[in-house]
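Presented below is the structure to which this report refers.
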Amino acid sequence: MGLFDFFKKKPVKQVEVEILYPSNWENGMPPVKVVAVEILQPTPGEAIDIELPKADTTETETETETETETETEDAGEKLDTGLQKTKKTWSERWNAFMANFRSVDEDFFDDLEETLIGADVGAQTALQLTDELRDEVKLQNAKSKQEISEVIIDKLVDLYRSQGVNEDASMHFAPEGPTVILLVGVNGVGKTTTIGKLSAYYKRAGKKVVLAAADTFRAGATEQLVAWGERNDIPVVTGSSKADPASVVFDGVKTAIDTQADILFVDTAGRLQNNVNLMQELSKMKRIITRELPNEPQEVLLTLDATTGQNAVQQAKLFKDSTDVTGIVLTKLDGTAKGGIVLPIRNELHLPVKWVGLGEKVTDIQPFEANDFAKSLFGSLLTESK
Ligand SMILES: Nc1nc2c(ncn2[C@@H]2O[C@H](COP(=O)(O)OP(=O)(O)OP(=O)(O)O)[C@@H](O)[C@H]2O)c(=O)[nH]1
């Protein structure tokens, strides 16, 4: 059934569609992906018109938000919902592992290590956990399936929590003048969307925010940020297509200073961590910011797509080696069973996860709280094992 036929049968109040322009698309109706539909009650039979953008506006993203609706949703609930897939996988793996339990011997610890690696906690973390658990299980003289299950899950929760103790996952702000927050990461991880969400978050907190569209590389990237700016009523500094990103950063910093803004968010082009030119471009942007605002603490937030699992950890390693990353934004946790990667990011890279992205809506972002995360991820396992 075509899109219009569908809407004739089910009239809608509002529809969010993503226009997909395949590289070989020339004319006619491009394929579209329906992102969200708000069904209109009750009048069935009405058709609606959707205005499609012109063919040359590639990669246009149309997003509408019903902020108030989501804002009332409890943060803990949202985290629980967002982590549903990860939790399901964890509990399935866990149950399968415990179903095979016979006795606490070397095979048991080998299986445990494999289970943990399979759950994306990372090889190093799995090894460390298994080693510590060997002692712990003996220490507590745990023998029954339930006792052992409890010791292991408690240890996992502990590890998540203890890593948060000395970790500075807070955002740093300049005591005066604008704070600059750069978003970096490979293509498509969610940098622009995160800026849209974070800028709205800080605006709601009473901060004056400016955005700079320094991704002059990808066609449509500036428009995407401008759309977020319009939606949140936040000014966006732009440059022409293929302009030097550093010049947009310069204009952004100047605008932020002139307008006495509190925060400047800079959207950067998706870059491969091993592309020397792009990494140099990033250094140039940072030099310009420091030249204009010498004493100012900046945040360089590396955005990682949680759905890419261990790849995200690899990306983080390489970015960390070539630029001063101050924290991680872990996006798309809602769409993945790989939420376990928070553990290796913190345990192996010692980079604080500062924010987690839990959806595509403007309010689908939360500061990362190790305790809440551990509680949400393993809470149900603890209940199940009781
Ligand atoms: N489900 C889900 N989708 C997200 C989240 N964050 C971003 N996305 C989606 O991921 C896709 C890519 O997001 P962008 O913000 O365009 O990514 P980007 O890193 O700016 O991409 P480039 O400009 O190409 O480098 C979009 O469809 C977003 O809606 C999230 O937390 N959850």
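Glycine is no exception: its Cβ is also placed from the backbone N, Cα and C atoms.
Residues annotated as region 'Disordered' in TrEMBL: 53-77. Summarising the annotation, TrEMBL assigns compositional bias 'Acidic residues' to 58-74. Sequence annotations record features per position, and here TrEMBL assigns domain 'Signal recognition particle SRP54 helical bundle' to 79-160. The domain 'AAA+ ATPase' annotation in TrEMBL covers 177-349. What TrEMBL lists as domain 'SRP54-type proteins GTP-binding' is 178-379. Residues or ranges marked as GTP binding site by TrEMBL: 185-192, 267-271, 331-334.
Feature map: annotations from TrEMBL on the structure.
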residue : record           : DSSP class
Gly185  : GTP binding site : coil
Lys191  : GTP binding site : helix
Thr268  : GTP binding site : strand
Leu333  : GTP binding site : helix
Within 10 Å of the Cβ of Leu333 (GTP binding site), how many other Cβ atoms are there?
-> 27
Taking a cut-off of under 6 Å between Cβ and any atom of ligand 1, tell me which of the binding-site residues Gly188, Lys191, Thr268, Arg271 pass.
-> Gly188, Lys191
Please work out which residue of Gly185, Gly188 has the most C-beta neighbours within 10 angstroms of its C-beta, and give that one of the binding-site residues.
-> Gly185
Within 10 Å of the Cβ of Thr268 (GTP binding site), how many other Cβ atoms can you find? Include all protein chains, please.
-> 28
All chains considered, the count of other Cβ atoms within 10 Å of the Cβ of Arg271 (GTP binding site) is 21
Near Lys191 (GTP binding site), which residues of its own chain have a C-beta under 8 A away, given they sit six or more steps off in sequence?
-> Leu183, Val184, Gly185, Asp215, Asp267, Thr268, Gly270, Thr303
Please spell out the DSSP helix, strand and coil residue counts for the domain 'Signal recognition particle SRP54 helical bundle' (79-160).
-> 66 helix, 0 strand, 16 coil
